[in-house]
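Structure record follows, encoded as structure tokens.
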There are 2 protein chains.
Amino acid sequence: MKTDIEIARAAPKKPIGEIGEALGIPAEALLPYGHDKAKVGQAFIDGLAGRPDGKLILVTAVNPTPAGEGKTTTTVGLGDGLNAIGRRAVVCIREASLGPNFGMKGGAAGGGHAQVVPMEDMNLHFTGDFHAITSAHSLLSAMIDNHVHWGNEEGIDVRRVQWRRVVDMNDRALRQVTVGLGGVANGFPREGGFDITVASEVMACLCLARDLKDLERRLGDMIVAYRRDRSPVFCRDIKADGAMTVLLKDAMQPNLVQTLENNPAFVHGGPFANIAHGCNSVIATRTALKLADYVVTEAGFGADLGAEKFMNIKCRLAGLAPSAVVLVATVRAMKMNGGVAKADLGAKDVEAVRRGCANLGRHIENVKGFGVPVVVAINHFSGDADAEVEAVRAFAETQGTEAIVSRHWAEGGRGAEALARRVAAIADADVANFAPLYPDDMPLFEKVETVAKRIYRADEVLADKKVRDQLRLWEEQGYGHLPVCMAKTQYSFSTDPNLRGAPTNHSVPVREVRLSAGAGFVVVVCGEIMTMPGLPRVPSAESIRLNDAGEVEGLF
Amino acid sequence: MKTDIEIARAAPKKPIGEIGEALGIPAEALLPYGHDKAKVGQAFIDGLAGRPDGKLILVTAVNPTPAGEGKTTTTVGLGDGLNAIGRRAVVCIREASLGPNFGMKGGAAGGGHAQVVPMEDMNLHFTGDFHAITSAHSLLSAMIDNHVHWGNEEGIDVRRVQWRRVVDMNDRALRQVTVGLGGVANGFPREGGFDITVASEVMACLCLARDLKDLERRLGDMIVAYRRDRSPVFCRDIKADGAMTVLLKDAMQPNLVQTLENNPAFVHGGPFANIAHGCNSVIATRTALKLADYVVTEAGFGADLGAEKFMNIKCRLAGLAPSAVVLVATVRAMKMNGGVAKADLGAKDVEAVRRGCANLGRHIENVKGFGVPVVVAINHFSGDADAEVEAVRAFAETQGTEAIVSRHWAEGGRGAEALARRVAAIADADVANFAPLYPDDMPLFEKVETVAKRIYRADEVLADKKVRDQLRLWEEQGYGHLPVCMAKTQYSFSTDPNLRGAPTNHSVPVREVRLSAGAGFVVVVCGEIMTMPGLPRVPSAESIRLNDAGEVEGLF
């Protein structure tokens, strides 16, 4: 059997100009990066404003196994399937982070016969967007300490600098550092630390901004520190917002690539799915909606996190409304949710699948709660027993929801045609009546409770006085209208990764809250979150190299 | 009068494919980055091996004023001038560092009517080469501390880690830091620091490597730390060399852009001119030599540093031999070397010009010492008095060297035609008999003395026992054949920036020596060198922004 990278390398790519042309993008509006990648020019995007929008389809998933359930693969497969049945569809997914690829084996864009190419580039520098974000973030970092060094006119309390530095690499030694050592010329010593670039608020701002003006405003709104009187110091006060926008002007333009079947895909932006909202950029999604009849996109983690944030953050802030949701389920994930240990997932166990379907059922109910019709895609794995697959299908039917087996991994778009037909029919029927889960003017803590009770089915939210006071203070400062961005484990509806299935009688403890005033949400941390990963004992980097044919080995 | 950026924006650019085609590069061998930048594919470069080389012309300069003497401008002007008189010429210059542009107003590529475009891109992310270098460097940084964290099998003495981290930003607070704080999961605390990316040895390796195999070998040869027994730990021991090469595979391909007159220019690589050799990449120069009859290139700082390193490091290591040297002189620089204060350089002072010509005379003599014919280019400034210009010309004549006034800044290639004719005639005459100043097998300290006495005209080199012992140790370890890379002030032949003209009776104190075992030279530090600049009190970043037309303001 061929590996993903072998399939990807064997696929004949079309020149990116032809992919753009098929979408109606003229050659001069495409900024090529090599022959198989291009950015779509801002002026062309501006000119699309008057056009009607296509249908937006979200691909999300049940609570996953550690290997993932193939959300991206299904997103790509559905896109190809829609094109295969003669519909004009574009796929919108996130860009990959560079650093983690050097820790564990990387990061493909889909898998099997449902992939986006060029895969090597997408797992390395791609079009440089993340480097631009790192640069913009680093400029602000330097300007903050430089401001303090030269007199600190804004009165920054150096003990309360919120802005951490970033690097796009898994570098555990940088998690906590002391900077400014070495004497007068190097500034004032203080504690600080580095996150990985995808965790930068600059990333979240870029992904939620409508255009460069909106981006500049969001960057300016970011809080970088507090004064002794606890009043916030904004990025705008440090006067970094203009130059950061200049550094991001190319990165703000969506990247066009293609699927293995030469259908268009936008790959743009990649905010962390925990301390940020985990969706591709608003500008890519909005541009795609102007160019295609169907836009298939995905959100990070399971539907309890990804779909919830997609609806309550991205759609709310960008004025988007999905027409349908595809909920990806696998036999393996149902077994795991049914209590089977990871090592035993390969063995046939129909009863476990049936037990695990409780997880699927709750996700179906949750998604319907947003007013959007849902269809279940059973992402078919070669080891799945027919009876197991049938158990999932039959369960979905009991929930009033169709479940369709999709074989895009093995067969590409052709294998997803049945799914594509059903999704197109639902979207065309215009039955969605989307609404976010809570209104803007609900108090922040009530927003947290709403998500915890209605999505996680928790009994209560536990938060100490400090957290509650902080939320109230932000409300007083004018941030009460923001949505909340939940950070919790992806493996359970609850905050305990071992509580599989559809747990009840649990509580959601809030450890900490953080304000992303530029991106426009309040991060609610329920558990440990890691904003700077480390490398393992034997990093995959040790075996990554160019072979004699000039091909990358060991990255995939 | 138009500013540089106004001139650059008004110039009609040709599609980069046309520029490549005129050089004989087929469309499929060009990897476009937008419509006005492209990388030249490695396979095409490999296929050039059998072709004859064009003539290599180095542009260097007298000891400069702080504003610079227009070396890049003259390089570009001469390239345009050669094309204007019907010769096939390519310009090869360095890429700009991102960080410093946010401190002081940036970094153009040439000036007036002798510029390379697109200027904005070249001063921002360009084709991402420096970001790739930062990534490769950062991967090794992370892997070193990670190696120690997981058991330190190589036995790194954490007190003797030589490898500093880098970022492409002027961030004074990162010059000296403590990393690895915060507990067990974050590794072992140790002191460290960050340099700016152009100071990375990875940059020097990339700029001196012939191809990707050679690059991988050089990266592997870099010394990252020492063990308790003082034996070196190489990058290869940490197993980072393969993955770093993968990260650099695109960056290794030269970038093609164009001059304002639509002539080809390679802009590739940018090693620091103090702790590294300060020339564009060997691969760009060698590729250009295969494609053009004349390749005009430059080296950083004055000829005492730039030309010396170009000859003794780049040409030696790459097997290049220049056919002619253009020594750029300006009336202003002669006045400054004649003792006029910076504030008074605008006033006519023929006598001061005459006095300052001693500086020019010594550079002429030095360059001739390499066996290469030299012509003086008087880079004309609008305020220069005719008598001042004539004084320089007449002086050069007394040295047996022609001095030609060049008006490329005001007139473009047409203004450099006289210079171009003379340079072409010299190069065509094949009179050069290039040899480096010292043989490979000379002991390291004697190499330092050779440069100090023959180029700087110092009486002696002062170095304490520690420095001399270190050099001897490296000789024992097999590094004795390396050239030396001098780091000293650019403003004087001596190590005292205030000693203008042609000082004698001075000494060269060596503060420190460093081994760049991958790049392949021993850095000899004679004075303060700054490997991480800081931002000024009011960084130019504060006024950089996009205006309503979407143009970058404040960067230039």
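Any Cβ shown, glycine's included, is placed from N, Cα and C.
Just so it is clear, the model here is predicted, and its values are computed rather than measured.
According to TrEMBL, the feature ATP binding site maps to B:Thr65, B:Pro66, B:Ala67, B:Gly68, B:Glu69, B:Gly70, B:Lys71, B:Thr72.
Mapped onto three states, the DSSP output places B:Thr65 (ATP binding site) in coil.
Counting other Cβ atoms within 10 Å of each Cβ, the lowest count among the binding-site residues B:Glu69, B:Gly70, B:Lys71, B:Thr72 belongs to B:Thr72.
Packing around B:Thr65 (ATP binding site) is summarised by its Cβ count: 18 other Cβ atoms lie within 10 angstroms of its Cβ, all protein chains included. One way to see the shell of the ATP site is to take the Cβ centroid of B:Thr65, B:Pro66, B:Ala67, B:Gly68, B:Glu69, B:Gly70, B:Lys71, B:Thr72; the remaining same-chain residues with a Cβ within 8 Å of it are B:Ala61, B:Pro64, B:Thr330, B:Ala333. With the fewest other C-beta atoms within 10 Å around its C-beta, B:Pro66 stands out among the binding-site residues B:Pro66, B:Gly68.
The Cβ of B:Ala67 (ATP binding site) lies under 8 Å from the Cβ of B:Arg332, each of these being in the same chain and 6 or more residues away along the sequence.
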